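Novice: A single structure is presented below for examination.
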Amino acid sequence: MDLDSLPPVGLSSLAVAGAQRLRHQDPVLHDLLEREQRRQSDTLAMIASASWSDPSVLACEGSASGNITTEGYPGRRYHAGCEVVDEIERLAIDRAKAAFGARYANVQPHSGSTANQLVMTALLNPGDLVMGLELAAGGHLTHGSAVSFSGRYFRSVSYGVDEQGLLDYAQIERLAVEHRPKLIICGASAYPREIDFARFREIADHVGAFLLADISHIAGLVAAGVHPSPVDHAHVTTTSTYKQLYGPRGGLVLVGRDADLRVHGRPLTAVLQNAVFPYFQGTPRINGIAAKARAFDQLNTPEFRLLATRILGTARTLAAELAARGWPIVTGGTDNHMVLADVGARGLTGAIAEQALESCGIIVNRNKIHNDGRPARIAGGIRFGTNILALRGMDDAAIAECAAIVDQVWTSLTPLDDTDFLLPDQVRQSARAAVATLCWRFPLPA
Ligand SMILES: *Cc1c(COP(=O)(O)O)cnc(C)c1O
């Protein structure tokens, strides 16, 4: 077949021609991509920071809009030929604002980390003090960790969680009063409970700090209205778009009621615009922005609200089912999509618990939990998330089956050291079969 004779017009024909050409001209890469797609549908992913993009989102990502090189913002570009992509970016901005009730949105950040970086730079001077949740207690690298820019170009103090693993707002306030940070960051990568954004703003106002809410993990619950929104509490809100927004890899910056605020004598929103471009980024990924626009549009649907409700329900069921089988759950349960199991308390390490499940087709990640002395590579916890199980449409009975498989695998293994273990072959075989059946009964949406 002469592939080049295929009409190179239209979104679909370009995608089909591209996939066919890849198969013929680069079978190695084609097969790897095919294998990865199959792996995703044939395993149960319970990675809390992952989701699964609708094919319409992937179609935007793979579109020719990504060929456009430009800089700047709609109506104020540094290249000609942008009349269409300007409309794409405006659509993404309008949909982001509508989905989160925001007054300002910047859809250009290449990632959530970049979004945090540019907000911190917009609001602070080098060496200013930031205060965020400690990495080991569930915070993110960009919230002041010494191994990230956020702890190197800024000074940082951390707040932790209490014995139960809960945020202690009185302690946070005491630390803020003592250290007088210029910026307080709230939001987490491993915190299964509701975050009181209003309380955080009170604390920030009390010490004259800016408040950044990073909702990378819970943005979908926030958009659906099943977790309180920080958008009108924080000065600035950031999120990744590939986690609970089921969108492309990328970041988003939002401002709510503080949109008219001035910082360093300039409007906050203008400072943020400049912090994205020209300060940190060059050309925007227009195909990524189109994919964000598609994902944001889906947030305003009754179907998404149902999905968000299911995410919460499945997480609560998973936490209860694991707890009923004797696995200690950090904070005793969950208010979001995350469940943190303290496997160290039962003689396992996170590394072993993760690898044993992976060998059975259940994909999770090891995670440090508070009071966890082990290094992050080993860790004492496992972080589960239900974004993808909920998208598969799993009901409580199916989640109970997942918990039973996890329990069976974890109780059957023999640790050899921190990372090595033995798992009887017949346990592995029966777990794999059960996973395969669940994947077949609850397929990813086509
Ligand atoms: C995942 C995450 C980020 C980083 O997002 P990337 O898009 O992967 O850079 C930032 N903050 C929090 C709280 C996260 O969980």
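First residue shown is number 1, and so on along the chain.
Glycine residues also receive a Cβ, built from the backbone N, Cα and C atoms like all the rest.
Automated prediction, rather than curation, is the source of TrEMBL annotations.
The following feature annotations were taken from TrEMBL:
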type	residues	note
DOMAIN	23-405	domain 'Serine hydroxymethyltransferase-like'
BINDING	Leu135, Gly139, His140, Leu141	(6S)-5,6,7,8-tetrahydrofolate binding site
MOD_RES	Lys243	N6-(pyridoxal phosphate)lysine
Novice: Express the distance between the Cα positions of Leu141 ((6S)-5,6,7,8-tetrahydrofolate binding site) and the residue listed as 'N6-(pyridoxal phosphate)lysine' as a whole number of Å.
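Specialist: On Cα coordinates alone, these residues lie 16 Å apart.
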Novice: For Leu135 ((6S)-5,6,7,8-tetrahydrofolate binding site), just count the other CB atoms lying within 10 A of its CB, please.
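Specialist: A count of 21.
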Novice: Restricting attention to the domain 'Serine hydroxymethyltransferase-like' (23-405), give the mean pLDDT.
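Specialist: Computed over the domain 'Serine hydroxymethyltransferase-like' (23-405), the mean pLDDT is 97 on the 0 to 100 scale.
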Novice: Any idea what the Cα distance is from His140 ((6S)-5,6,7,8-tetrahydrofolate binding site) over to the residue listed as 'N6-(pyridoxal phosphate)lysine', rounded to a whole Å?
Specialist: 14
Novice: Checking proximity to ligand 1 here: which binding-site residues out of Leu135, Gly139, His140, Leu141 have their Cβ closer than 6 Å to it?
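Specialist: His140, in sequence order.
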Novice: Identify all same-chain residues not among Leu135, Gly139, His140, Leu141 whose C-beta atom falls within 8 angstroms of the centroid of the (6S)-5,6,7,8-tetrahydrofolate site's C-beta atoms; report them in sequence order.
Specialist: Gly132, Leu133, Glu134, Gly138, Thr142, His143, Gly144, Ser145, Ser148, Ser189
Novice: Using Cβ atoms only, which residues of the same chain lie under 8 Å from Gly139 ((6S)-5,6,7,8-tetrahydrofolate binding site) while being at least 6 residues apart in sequence?
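Specialist: Gly132, Leu133, Ser145, Ser158, Ala188, Ser189 - these are the non-local Cβ neighbours of Gly139 ((6S)-5,6,7,8-tetrahydrofolate binding site), listed in sequence order.
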